[in-house]
Amino acid sequence: MSSGGLLLLLGLLTLWAELTPVSSKDRPDFCHLPADSGSCKGNFQAFYYHPVHRTCLEFIYGGCEGNANNFKTMDECKRTCAA
């Protein structure tokens with residue numbers, strides 16, 4: 001296969017991987033944890049996956065502790081947990 005064909009194949013595979021939604025069986029277990037602001041008193045915008053609504057929602061993170069269902073951006077949350 002030519003290098004152009006390989007490059008096209010790589011591009012198509014990358015596009016497929018980006019557009020394929022995360023299935024519930026592939027979703028990490030921590031995506032089902034509740035939002036946890038932690039014990040610190042900070043005021044940081046964060047996002048968590050809400051399994052009942054099957055979407056990512058905003059919450060206020062205190063800055064320490066909490067759990068792994070805590071993302072800095074909506075996009076990161078959606079890529080990791082949302083179907």
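Note that Cβ sites are derived from N, Cα and C of the backbone, with glycine treated the same way.
Remember, it's a predicted structure, so these values are computed and weren't measured experimentally.
Annotated features, as they stand in Swiss-Prot:
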type	residues	note
SIGNAL	1-24	signal peptide
DISULFID	Cys31-Cys81	disulfide bond
DOMAIN	31-81	domain 'BPTI/Kunitz inhibitor'
DISULFID	Cys40-Cys64	disulfide bond
DISULFID	Cys56-Cys77	disulfide bond
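Positions of the features from Swiss-Prot, shown on the structure.
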{"residue": "Cys31", "record": "disulfide bond", "Cβ within 10 Å": "20"}
{"residue": "Cys40", "record": "disulfide bond", "Cβ within 10 Å": "13"}
{"residue": "Cys56", "record": "disulfide bond", "Cβ within 10 Å": "22"}
{"residue": "Cys64", "record": "disulfide bond", "Cβ within 10 Å": "11"}
{"residue": "Cys77", "record": "disulfide bond", "Cβ within 10 Å": "23"}
{"residue": "Cys81", "record": "disulfide bond", "Cβ within 10 Å": "24"}
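With respect to their backbone Cα atoms, Cys40 (disulfide bond) and Cys31 (disulfide bond) stand 22 Å from each other. Reduced to three states, the DSSP call for Cys77 (disulfide bond) is helix. In the three-state DSSP reading, Cys31 (disulfide bond) counts as helix. Look at Cys56 (disulfide bond): DSSP puts it in a strand. Within the model, the domain 'BPTI/Kunitz inhibitor' (31-81) carries an average pLDDT of 97.
In three-state terms derived from DSSP, Cys40 (disulfide bond) belongs to neither a helical nor a strand segment and is classed as coil.
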